[in-house]
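Let me begin by presenting the structure, written as structure tokens, before commenting on it.
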Amino acid sequence: MQTPSENTDVKMDTLDEPSAHLIEENVALPEDTFSSHLSYVLYEIAHCKPIMFMIIIIVSLISLIVLFHDNDGCTVILVMSLIVASMALMVVAAFTFGKAITEQEFMIKLLVEVIARKPAGKEWGTVAYNMNQYLFMKRLWYTPYYFYSGKKCHEFFTTLIKEVNSGSHSDSSSNSAEDTQSPVSAGKTSNGLNNFYSIRSDPILMAYVLKATQIEKEAQSEYWRKQYPDADLP
């Protein structure tokens with residue numbers, strides 16, 4: 001049972017947090033901020049220090065090649081350096097933008113956002129905005145624009161749930177063959193991901209996953225019932 005002071009604290013916390021429709025009015029997502037997806041990508045690249053560092057090296061090498069194009073020996077060395085730098089740039093870009101953020105507190109934050117806000121439709125924009133701010137404040141991303149839109153955030157959440165659930169199902173179905181598995185194959189999830197993770201071994205996190213999954217399904221069902229009130233949707 002909560003004490004009067006605890007009840008007061010809960011009420012104050014609730015009052016301090018703006019409601020979803022008020023947040024939505026001030027939500028600034030990349031799809032609303034940038035004129036195109038290309039301009040968004042260029043902005044992200046410009047604020048990623050490792051990528052900008054590699055670009056500066058490549059531009060410098062190109063300038064040196066133009067400057068010393070009459071010197072064959074120097075040109076060969078510079079061209080080889082340019083090739084290596086270009087390959088390094090691709091690796092850095094793939095590592096930076098191709099790898100999903102899987103920091104545990106970030107995933108907990110996302111699950112709790114879904115549980116608390118019961119998002120559907122445009123409400124995912126609010127969740128995306130809050131997650132973008134969280135990632136930026138925690139220095140897990142270079143800009144406050146990780147999720148391009150609410151749709152992208154919803155897709156990330158759906159992928160997270162699928163990976164965790166598919167891992168759970170594969171774990172339970174393979175218990176009988178556990179003794180014959182190699183340590184390497186036993187440690188992998190679908191798609192070779194090792195990291196949807198410690199979630200399955202953490203009962204609290206799994207409880208969040210199950211709760212968020214249930215609430216998201218209910219929110220989606222309610223959303224479509226409101227969109228089509230005469231359709232008698234289940």
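Here the Cβ of each residue, glycine as well, is placed from N, Cα and C on the backbone.
Listed in Swiss-Prot for this protein:
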type	residues	note
TOPO_DOM	1-47	topological domain 'Cytoplasmic'
TRANSMEM	48-68	transmembrane segment
TOPO_DOM	69-76	topological domain 'Extracellular'
TRANSMEM	77-97	transmembrane segment
TOPO_DOM	98-234	topological domain 'Cytoplasmic'
REGION	168-187	region 'Disordered'
COMPBIAS	177-187	compositional bias 'Polar residues'
CROSSLNK	Lys217	ubiquitin cross-link
Cβ neighbour count (10 Å, all chains) around the residue listed as 'ubiquitin cross-link' is 12
With Cβ-Cβ distances below 8 Å as the criterion, list the same-chain residues six or more beyond the ends of the topological domain 'Extracellular' (69-76) that contact it, or say none. none
